[in-house]
Amino acid sequence: MTDVALIDAGGANLGSVRYALERLGVDARVVRDAAGLHGAQRVILPGVGAAPEAMSRLRTQGLVEPLRALQVPLIGICLGMQLLFEHSEEGDVECLGLLPGIVRHMTPALGIRVPHMGWNQLVPMRESALLAGLPERASAYFVHGYAAPVTADTVAACDHGGLFTAVVQNGLRCGAQFHPERSADTGARILRNFLEMSFP
């Protein structure tokens, strides 16, 4: 069985992500320091809340540099995905820098509420095994007020007052802006794909 490390970055969704993994038959172990990453074959970085506090917690745990140097597949979920990018406007904080781009505050407009909350459709941008088995017009559940830009690494986007990255992959680094643990079959499929797919 795959050894899955689930990083405790202080996000309230840690337990629900762990439960979602249990439903897939995966008993992930919670990691709170660099030593906990040893032997992991997959690493999951969930998170909700604010980027500055999450980065501060990762620094306190001594996890920033080990995550930057990680040589196994990593997926960030919700705030965890945003932390993979270079910088966040939220608190003007430097993030892990594993993916190019700056996470910016979403702009409210007529009919566009921020935070973006609820179900929204994924817009495939390029092929990736992360999306294998998903139906056309698959939807996922989002809760966020900041968003990463669409880049060459974007696998799927979402439109809420403009396109933003919903699923991302660059080599071993992956991310999902939505909550897989709250996204029914879509979320379960993407988690399973991450756990089972072959990486370059």
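The backbone N, Cα and C atoms fix where each Cβ goes, glycine too.
Within 10 Å of the C-beta of C78 (active site, nucleophile) there are 26 other C-beta atoms, taking all protein chains into account. Summarising the annotation, Swiss-Prot assigns active site, nucleophile to C78 and lists sequence analysis as the type of evidence.
Taken from Swiss-Prot, the feature active site covers H179 (among others). Look at H179 (active site): DSSP puts it in coil.
The number of other CB atoms found within 10 A of the CB of E181 (active site), across every protein chain shown, is 23. Among the features that Swiss-Prot reports, active site is placed at E181 (among others).
According to Swiss-Prot, the feature domain 'Glutamine amidotransferase type-1' maps to 3-200, an assignment based on sequence analysis.
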10 Å Cβ neighbour count around H179 (active site)?
21
Could you give the Cα-Cα distance between C78 (active site, nucleophile) and H179 (active site), in whole Å?
6
